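Enquirer: Annotation comment: Swiss-Prot describes CYS49 as active site, cysteine sulfenic acid (-SOH) intermediate. The disulfide bond annotation in Swiss-Prot covers CYS180-CYS183, and the record cites experimental evidence as its basis. The domain 'Thioredoxin' annotation in Swiss-Prot covers 3-167. Residues or ranges marked as domain 'Glutaredoxin' in Swiss-Prot (evidence: sequence analysis): 170-241.
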Amino acid sequence: MSSMEGKKVPQVTFRTRQGDKWVDVTTSELFDNKTVIVFSLPGAFTPTCSSSHLPRYNELAPVFKKYGVDDILVVSVNDTFVMNAWKEDEKSENISFIPDGNGEFTEGMGMLVGKEDLGFGKRSWRYSMLVKNGVVEKMFIEPNEPGDPFKVSDADTMLKYLAPQHQVQESISIFTKPGCPFCAKAKQLLHDKGLSFEEIILGHDATIVSVRAVSGRTTVPQVFIGGKHIGGSDDLEKYFA
């Protein structure tokens, strides 16, 4: 597998299903006059793809856009129904799911490999690339090792290439409940600092049992930053002081 850096992406047409209609999408539509990140993987719903590869690109999408990226595409040798179901399951609204059902794009990239040992048939090798106006500027291709290596095609590696000066924000989670004024205060503090966070809403995403299990407390909000328990809204205020 060799790099396609400096070359144009293959010209193919992807057969997609949007609602109840078939819609053909060409590589020209996806790449012309745009800066696009593509990451490709062996298959929808597979463990590494679903737990690490896809979620991190979705999480960092606002950061990538800040640095001039127009779109982020995930390409897999799967049909459009599988890719649509995977998108719905993952709730990755910042990513465009591209079904390379016949493997034409992947083969044109030189990344089509045999996964017959897993019963997969022909699939994509794992890689990522930055494409500007249809020309590949940079590729990160996983090493040719047994199994499914995941070392260089991740979102953080791409971000370091695109914006080496960027300081990656620590992950933030906050337990809240509807109508809680202290929760609203804590969320506003985070917004004022320009920090993104994941909100876990009691009664919808979890119960007070989870709050007690991870924080030892029975009140909300409870804020966690970078694996550290900060506490409630007053604690968060002190943390930022």
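Glycine too: its Cβ is placed from the backbone N, Cα and C atoms.
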Enquirer: Can you tell me how the residues of the domain 'Glutaredoxin' (170-241) break down into helix, strand and coil by DSSP?
Expert: 28 helix, 19 strand, 25 coil
Enquirer: Highest CB neighbour count within 10 A among the disulfide-bonded residues CYS180, CYS183?
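Expert: Highest number of other Cβ atoms within 10 Å: CYS183.
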Enquirer: Could you pull the average pLDDT for the domain 'Thioredoxin' (3-167)?
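Expert: Overall, the domain 'Thioredoxin' (3-167) comes to a mean pLDDT of 93.
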